[in-house]
Every structure is written in structure tokens, then in C-alpha cells.
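Asker: To start, I am sharing the structure in question, which I have written as C-alpha cells.
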Amino acid sequence: MGEPDGVRRDGAEGRPDHGTGSAGGGAGGLSAPVRDAGGRLGRAVRRLVTSLADPERSAPRAAVRAAVVLPGLFAVGRYVVGNESFATFAIFGGFALLIMSDFGGTGRERARSYLLATAAGAVLVALGTVVSRSSVAVPAVMFVVAFVATFLAAVVGGHVSTARLGLLLSFVLAVTLPYGAGQIPMRVAGWLFAGLAATGAALLLPRAGPVALARAVGAACRAVADLIDALARRPDDPGLSRFRAAAQAVDAARGRYAGTASRSLGSRRRLRAYAELIGDLQLIVGVAGHPLYRPEHLSRRGTGTEGALVAAVSDVLRASAASIEGASGVPDVRVVEERRQAHRRAVGRWVRRLLGRSAPGEQILDALEVDHTLRVLAHLATAVAANASAAAGRDTGARGGGAGQEVLADYPARHRRLRWLASSAAPGSTALRDGLRTGFGLAVSVWLAGRLGLPHAFWVVLGTLQVLRTNALGTARSVVRAVAGNVVGVVVGSAVIIGTAGRPAWLWAALPVAVLLSAYTSGSQRFLLSQAAFTLDLMIIFNLLAPVGWRLGLVRLEDIGVGVAVSVALSLLMWPHGTRRQFIRSAAAYHRAAIGRLRYAFDRLLAVGAAEQRPAPAPPAGARTRAELALGAYLAERPTGPLDSSNAVVLMTGANYLALAANLLEGAATDHGYRADRCRDAVEPVRSAQQALLDGLERLADRLAGTGGAPDWPILPDLNVPVRTCLERWRGDEAVAGSATALVVAAEWIRGIDQVGDDLVGPVGRAVAVASRPWWR
């Protein structure tokens with residue numbers, strides 16, 4: 001859904017190879033081994049340059065800021081306060097808050113988050129110091145702290161997710177470093193000093209915003225606006241060029257969103273706004289790809305208001321692009337609503353004139369079909385505008401109306417957060433499993449380090465924390481990079497220690513450079529380099545605290561080896577497949593919930609008597625929450641193969657489409673009073689087709705869940721015949737207008753959903769194949 005056939009996502013095929021030929025006998029004279037070695041070297045250099053690329057332009061600023069602040073914190077602790085505990089917690093507090101937890105967002109959001117993280121970290125420092133004397137309490141409390149921090153980071157996201165590593169570092173330091181009498185005040189004071197300094201530095205030299213993401217989302221909004229314009233002006237576009245461009249732009253925006261650090265986005269509200277905006281754009285592309293009318297009929301419009309509505313929808317999408325890219329003001333969604341209402345009234349008048357002139361039923365049907373599609377596009381454009389303004393830190397005054405509308409509309413405000421947490425804590429939730437895996441991993445690490453009597457136990461725990469991933473294969477890969485990075489760091493650090501020949505002044509001179517490298521290379525895309533730089537930092541800092549020489553690097557490697565061994569063991573024992581199966585099952589549950597709500601909405605619109613007596617099924621809000629969390633975790637694994645990110649998004653977008661259809665069908669029945677109760681004989685063929693379609697979707701969801709075989713997709717009859725029968729009755733009876741409109745709406749959604757279901761068959765089959773694979777594939 002949303003991707004034309006034959007479009008390459010990676011752009012790899014058909015690309016000319018300019019590096020294999022020879023000109024004038026130059027490269028052609030080299031031997032094959034030399035050419036191969038040169039090619040490998042070139043690829044390695046390109047990978048290094050790519051890993052250091054910084055599309056958000058935030059790494060240099062953060063690196064300079066950390067290089068200035070962290071050595072100053074350490075120097076104040078060592079020479080002004082003159083306390084080793086103060087100095088240690090000051091510099092590692094700087095690491096935690098300026099490098100690990102570099103908050104984004106507005107100045108007010110950053111200041112609030114830094115101060116809250118400082119306060120929370122101070123509490124964890126005190127708690128860790130208190131429990132550190134009990135060998136029983138240490139792993140138990142470590143489990144609780146790690147579980148709560150990881151679970152809330154996954155569920156809440158935003159700045160809570162950004163603060164997770166830094167807060168865990170505060171507790172790990174306090175619980176593993178040797179404790180002396182009366183050290184709690186100095187440890188807490190060192191952390192607080194670092195927090196206040198980090199807050200001031202972050203406000204004076206803030207992290208750059210998500211520039212590349214904003215540009216990608218803005219480009220997607222404009223491409224979708226061009227698509228809507230093209231549908232109105234060139235509905236017979238033979239090459240589907242605008243559709244392809246829009247689909248590719250939305251895919252690019254989603255890829256950029258997945259690759260953007262959540263800390264650069266700011267608050268959870270902004271993070272969710274970006275996600276829902278991209279989802280709404282994907283739905284618009286889906287509606288455009290499967291319009292609720294035959295495209296050639298748009299050119300036959302006769303009310304004179306369709307063009308104004310299309311222009312309003314296009315304008316609000318372009319205004320959303322400008323808003324998210326930093327322009328002042330917000331999209332004017334009132335214009336869309338005013339023109340939508342004007343168009344609705346005009347269509348009503350036009351249809352009545354056609355009925356009065358005894359126009360063919362096909363012409364009347366075309367008018368109603370186009371009206372319905374434009375109304376869906378206007379609905380989604382309003383949702384895009386609301387989310388674009390929220391992502392930019394503004395408010396349109398309108399509420400989002402996409403697939404997630406039921407999350408906001410169906411529950412009182414005081415219950416939303418509790419329901420969100422309850423949905424996220426359900427068995428099988430990715431957030432719950434990640435919390436348990438991290439909690440057990442750090443608890444085992446801290447217990448094992450204590451049993452082995454390792455002098456730098458917190459290196460063991462950090463080793464576990466830094467390499468533990470959501471699946472066994474990802475953990476194994478991160479272990480290789482972590483070990484390689486630490487070896488490089490130990491080699492470089494040993495050279496620095498030997499080269500300075502025990503002169504502290506030279507180590508002080510090297511410390512800002514080491515911190516600069518550590519801050520610049522921080523991030524999952526530069527994991528090996530980040531590990532090397534952090535190891536260099538540790539060797540310099542601990543030699544400044546107590547000169548022990550280059551052999552400290554050997555201790556570092558030993559401790560890291562224990563930590564990564566714990567990670568590997570846990571990843572093999574606790575859900576080694578990671579989020580792959582969880583996402584597939586969560587997506588299946590979301591599909592089932594959306595189908596149940598959709599069946600109820602159809603029953604109400606088609607005036608099925610039983611729908612009035614039975615209670616409405618629960619909205620798919622909880623299932624959607626779990627599927628969203630699972631999709632985010634799955635995309636974070638950067639999947640390839642049959643169920644790559646594109647096919648995973650198709651599964652989610654298909655369920656969103658069904659949820660959107662359920663919302664709008666219920667709105668047609670409840671808000672506008674469309675009920676097919678005056679055309680009951682015409683309802684039966686439409687209802688039979690609807691039941692066959694939803695039964696097919698349920699079988700497809702069963703297959704996705706692993707409980708069913710390949711479904712036989714139903715072949716739907718021509719629904720125009722019963723719809724025209726009801727339209728003919730409208731000619732002589734104005735009271736039939738609502739029933740005729742209800743049948744038109746139902747028939748068009750059935751056709752659209754049928755096309756979406758057909759698009760889902762392929763991705764569902766690929767997901768089923770992937771779910772049965774062993775974890776190492």
C-alpha cells in the first residue's frame with residue numbers, strides 16, 4: 001500500500017559502475033589483489049566518513065560544549081573542592097547529562113528536562129550509595145531502577161527516553177564505586193554541580209534541532225500536496241508520476257524519522273506528532289492510490305466548489321510544510337472546514353437538481369463518490385496540520401483526526417495516561433520485555449562484579465548496558481564493535497599514558513581532546529568509535545585521580561569482557577528473536593481490533609438492527625499503542641530482507657487505514673445521521689459484500705498471527721446496482737436521501753478496503769515467512 005510496483009527503494013539497480021574500467025591503461029595495469037585491496041580500503045574510508053556524517057549539524061556544537069565544560073567540572077572537583085568523590089561524580093555527571101542525555105526542544109523544555117534529570121540523578125546517587133553496602137539489596141534495587149527507567153523510556157519516549165542512559169549511569173556509579181563514610185553529601189553535590197553546569201551550557205549552546213527531519217517531512221507534505229493537485233487536474237495521469245514522487249517522499253521522511261535521535265526532537269508530544277504526521281501523509285497517499293471513486297469521474301464535477309476544496313487541502317499541506325520547517329504562523333484549518341461544508345451543501349443542491357432533471361443514476365453516483373473522497377482527504381489534511389503545528393511547538397486549535405483519533409476522543413483525559421501505560425504493560429509488549437531484559441542484565445552484572453571482586457565494577461555494568469540489544473543477533477554485532485572499539489581505545493590510551501610519562505599537566509591537556517572525540521562520536525551509528533573515545537577518556541580520568549599507568553587498559557578490557565558475556569547470555573535466553581515476532585503479533589492484534597470496530601461501524605451505517613442492541617467494541621487504541629511501540633523497536637533494529645522497514649510500515653499503515661475507515665463510517669452514522677434504513681432491500685447485497693470482505697481481512701489477520709493458512713481473497717460483486725436502486729427512490733422521496741448517501745459511502749469504502757486488503761496479502765506472506773526463521777537469520 002502506498003508504493004507503486006517497480007519502484008526501487010534503494011536505488012541500487014541500474015547504477016553505472018565507474019570504478020572498474022581503465023583509462024589509458026592506468027588502473028587496468030594493476031593486479032587483481034591490489035585492486036581488491038584498494039577497493040576494500042576505499043569502502044572502509046567511505047564507511048568511516050558516513051559514520052561521522054552529521055546531517056543535523058549538532059555533533060560539533062555538542063562536542064565543543066562538552067570539551068569545555070567537562071574538564072572544568074573535573075578541575076573544580078580536584079583542585080577547588082579537593083574531594084575525589086565530588087570530582088568523580090562531577091565529571092561523570094557531565095558525561096551523563098551533556099553527552100548521554102543531550103536534550104533537544106525549546107529552551108524552556110531543555111531547562112525543565114535538565115533540572116528534572118539533575119534532581120532524579122541526585123536521588124539515584126543517594127539511593128545507590130545507601131544500598132551499595134548490601135550484597136542482597138544491590139542487584140534487587142538495580143533490577144527495579146533499570147526496569148522502570150527502560151520501560152518508561154519506551155512508553156513515554158521523548159525526554160524520558162533521552163534521560164535513560166544518564167540516569168542509569170548515576171545509579172551504577174553510586175552502587176559500584178567503593179563507599180567511604182560520609183561520602184553521600186559530596187557525591188550528591190558533585191552530581192548537582194554537574195547538572196547545573198550542564199543546564200547552563202545547554203541553554204547557552206543548545207543542540208541543533210532536527211533540521212534534516214524537518215526538511216524531509218516538509219518535502220513529503222509538498223509532494224502529497226502536488227499529488228492532490230494532480231488528482232484534480234490530471235486524473236488520467238498514465239505514469240502515476242505524482243503518486244510515485246509522493247510515496248517516495250513519505251518513505252524518505254519515515255526513514256529519516258527512524259534515523260533521527262529522539263533527543264533532538266524534544267518532548268514526547270513533539271515526538272508523537274512527527275510519527276502521526278508521517279502516518280497521516282501515508283494514509284493520504286493510500287487514499288490517493290485507492291480513491292473512493294473512479295479517477296476519470298473527478299473531471300465531471302459540476303458544483304464549482306471542488307476546485308476550491310482541493311486548493312484548500314493543498315494549501316494547508318504546503319502551510320504545514322512551511323510550519324514544520326520553521327516559518328511563523330500555523331496552517332489555517334478553518335478554511336478547509338469552511339470549504340468542506342460549502343462543498344457539502346453544493347453537492348446536496350446539485351444532486352437535487354440532477355434528480356429533478358431525471359439525470360442518470362450513474363451521474364448522481366459519481367458526484368457523491370467524489371464528494372466522499374474529498375471529504376476524507378480534507379479530514380486527513382486537517383490532521384496533518386494539527387500534527388505539524390505540534391511538531392513545531394505550536395497549536396492550530398484543531399485536534400488531529402487521523403487513525404489515532406479514537407485515542408483522544410473515547411476516553412476522559414484523566415484516564416488516557418493510565419490506559420496508555422496499561423496497554424504498554426500487557427504481556428508480549430516490547431516495552432515490558434525490554435524493561436525485563438535490561439533489568440535482569442544489569443542486576444546480574446552488578447552481582448557478578450561484586451562476587452568476582454572486580455576493582456572497577458561499574459565498567460562491567462556499563463559494558464552490559466552498552467551492548468545489550470533487543471535481539472541476540474544485534475547484541476552479537478554490538479559486542480564485536482564494542483570489543484574492537486575498546487581495544488582501539490586501550491591502544492591509543494596506553495600510548496597517551498606512556499607518552500605523557502606520568503606528567504599530569506600533559507594528561508590535563510589531552511583530556512579536552514579526548515572528551516571532544518567522545519562527544520562527537522556518541523551515537524549508535526558511530527558505536528565503535530564512541531567506545532574507543534570513551535575508553536580513552538576513562539584511562540585519562542582515572543590516571544589523573546590515581547596514577548596507575550597503561551595497565552589500567554587491561555583491567556578495562558577484562559571488565560568489558562565480563563559485561564558483554566552477560567549481555568550475550570541474556571540475549572540468548574530472553575527473547576532472542578527480538579522485536580520481530582512481537583511486532584508481527586502486535587500488528588495482527590491491531591488489525592483484528594480495527595476490523596472489529598469496522599464491522600460495528602458498517603452495521604450502524606447499514607442499519608442492521610443488532611448493532612443498536614449490542615455495545616460498541618473497544619476502540620483499537622490499546623492494540624494500536626502496542627503495535628506502534630513494537631514498530632518503533634523493530635525499525636530501530638534496522639531490519640533488512642523480506643520484512644524490511646518498508647513492508648513493516650505497510651502492515652501498520654493498512655491497520656491505520658482500517659481504523660480511519662471505522663472512525664469515518666461511525667461519524668457518517670452518528671454525526672450526519674446517514675442510515676440505510678429506508679432501502680433495506682438494497683442493503684442486503686452491500687452487506688453481504690461487506691461481510692465477505694471483513695471475513696477475508698480477519699483470515700488475513702489470523703495468518704499474520706500464525707493461526708491460519710493463506711486466505712482465499714473474496715471477489716466482490718458490482719455494488720453500483722443496489723446503490724442506484726436506492727438513488728432512484730430518492731427522486732420521489734426526499735426522506736431517502738440519508739439512506740442513499742449511506743449506501744454510497746458504504747459501497748465506496750468497501751471498494752477502497754478491498755484494494756488495501758489486496759495490497760496487504762504480499763507483506764503478510766513475507767511477515768509469516770520471517771516469523772518462522774531462527775534468530776540468527
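Glycine is treated like the rest: Cβ placed from N, Cα and C.
The shown structure was predicted, so the numbers you read here are calculated from the model rather than taken from an experiment.
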Asker: For the record in TrEMBL, which of the ranges 86-106, 443-463, 590-610 is the transmembrane segment one?
Answerer: 86-106
Asker: Per DSSP, how many helix, strand and coil residues does the domain 'Integral membrane bound transporter' (445-569) have?
Answerer: 105 helix, 0 strand, 20 coil
Asker: Are there residues at least six beyond either end of the transmembrane segment (137-158) with Cβ under 8 Å to its Cβ atoms? List them, or say none.
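Answerer: Hits for the transmembrane segment (137-158): 124, 127-128, 131, 164, 167-168, 171-172, 175, 262, 265-272, 420-421, 424-425, 430-432, 434-436, 438-444, 446-447, 450, 461, 629, 633.
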Asker: Within the same chain, where does the transmembrane segment (188-205) have neighbours whose Cβ lies under 8 angstroms from its own Cβ atoms, ignoring anything closer than 6 residues to its ends? I mean 6 or more beyond.
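Answerer: Tertiary neighbours of the transmembrane segment (188-205) are 61, 64-65, 68-69, 72-73, 76-77, 83, 85-94, 96-98, 102-103, 107, 110-111, 114-115, 117-119, 121-122, 125-126, 170.
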